[in-house]
Amino acid sequence: MSLQMISAASNSSLLQPGFSLLNFDGHVFFFGQKGWPKRSCPTGVFLLDIKQNELKMKPAFFSNDSCYLPPLRYPAVCMLSGNAESDDYQYIIHGGKTPNNDLSDKIYIMSLVSKNSKKTTFQCVEKDLDGDIPEARYGHTINVVHSRGKTMSVIFGGRSYTPLAQRNTEKWNSVVDCLPSVFLVDFEFGCCMSYILPELQDGLSFHVSVARNDTVYILGGHSLQNNTRSPSLYKLKVDLPLGSPAVTCTILPGGVSVSSAIVTQTSDTEFVLVGGYQSDNQKRLVCNTIILEGNKIEIVERASPDWTPDIKHCRMWFGSDMGKGSVLLGIPGANKQLISDANYFYILTCKGVKEDKEEELTGQICSQTSTEDPGHSTTFEDSEEFCAEANSFDVDEADTYNEDDEEDESETGYWITCSASCNIDINTWVPFYSTELNKPAMILCSSGASHWVHAQCMNLSESMLLHLSEANVKYFCNEHIDLNKGLQTPKKVIHLKKQAMKSLRKKTTMKLTTPVKKSFLRRLFE
């Protein structure tokens, strides 16, 4: 196991406890930022670009047929593989906390549509379910099981708010453990079923779960009711016959008392358990290897990485699985930093048991036989010459997201009271136009010093909104349209040019062909 510190850009404040990482074709994407997304990345999904131990975040995009996906922290996330003939896979996202501390009960399926060096596009679909739908929650797990040629998802644990009937003013936002029910979700038919098992007595949250074939193993977790971290190891076996599914639970010995731990998969049968807490104010610095072979599970302690003093002495840490045996860890930054909520980040690379032994043996052989003069060794990839050449091809610098370039839109941006009849509320707003994702569409009123108004409050149709956004015309809101008409400068009227009287007399005199007395002409023009 190797631990490498990485430097993050100024937007590292988005990475707070509760975020999730999604691995698509070896590329890691961040989801679940702190706060609502801003204009530079309205989706709230970022590509984590790590080069030369420097972390950069590049915005990702959603396709036009995607649904709205809020930034959710502490959701349940798992990978859903396609059929055996295809390498395509998706991610299932359930529950979690929104930036308003509301809990979600929705299930989203996220898939990769296209990716190139400049742009990554996802499709997000909200799945409609019937039956015993799990209540809104966070800190739970979801896993995919396969049995008899069928596939289902298993949801367990988590926390939710106290029911409305039991709330009071002192503990309005207090949370409780969800009931220890096991939910089976069939995405093909969109139905949910719940099971109450006698072996599961207490609700658990922030536990760890791993799945293989038709079995899910649950270990650790914290119980609010008892304020304990369960040392039990639960084995959930799911049978999917032609009729109703069956779920059984068995309590096994050899569990781990830990909460908020991270699991990463290193091979088809091996997982690594990292981090977490063994008590309320004590981190768990021990690592374990979880081996799943057949119908058996084995949890053994393994050599821990060389933790830095900052990691050892900090009170809290957090992170997420990057996939393929890597974990992104974060610890709070020092108070002396200019950015108060900045964090330090590390990448922990885990390997399987066999690879660890081979690496240890290779290290011993190299230490005994290496007599080469370091001054005559070949050039390393991190030398100045190689870095200069590599930096010359880094053309995506302008696409890197920088939160410092954004203004605070929570007060002065989209959620303003644009007019006397404005009914846009950040807590109740839902997308109205097809072009909206997570912010209401706005249009600039050209009256006076100009100001922004919500298109929905102005009763603009979608076709008119698109026309105004494309056409180079001024727009006036409902409150200033009459004032604009009253102050409008009258259009310039082109008058016919009148000829002078002297010129008219001259022309008329020249046209006379018969002799006329001067007195007659004088009376004619007088």
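Glycine too: its Cβ is placed from the backbone N, Cα and C atoms.
Given the structure is predicted, the values throughout are model-derived calculations rather than measurements.
Now, the feature entries from TrEMBL:
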DOMAIN    413-490  domain 'Recombination activating protein 2 PHD'
BINDING   Cys418, Cys422, Cys445, His451, His454, Cys457, Cys477, His480  Zn(2+) binding site
Seminar exercise, completed: Sparsest Cβ environment (other Cβ within 10 Å) among binding-site residues Cys418, Cys422, Cys457 belongs to Cys422
Seminar exercise, completed: Mean per-residue pLDDT in the domain 'Recombination activating protein 2 PHD' (413-490) works out to 77
Exercise. Which residues in the same chain, at least 6 apart in sequence, have a Cβ under 8 Å from the Cβ of His454 (Zn(2+) binding site)?
Worked result: Cys418, Cys422, Ile424, Pro440, Ala441, Met442
Exercise. Given the binding-site residues Cys445, Cys477, which one has the fewest other C-beta atoms within 10 angstroms of its C-beta?
Worked result: Cys477
Exercise. Counting only residues 6+ apart in the same chain, whose Cβ is under 8 Å from the Cβ of His451 (Zn(2+) binding site)?
Worked result: Cys418, Leu444, Cys445, Cys477
Seminar exercise, completed: Ordered by sequence, the long-range same-chain Cβ contacts of His480 (Zn(2+) binding site) under 8 Å (at least 6 apart) are Cys445, Ser447, Gly448
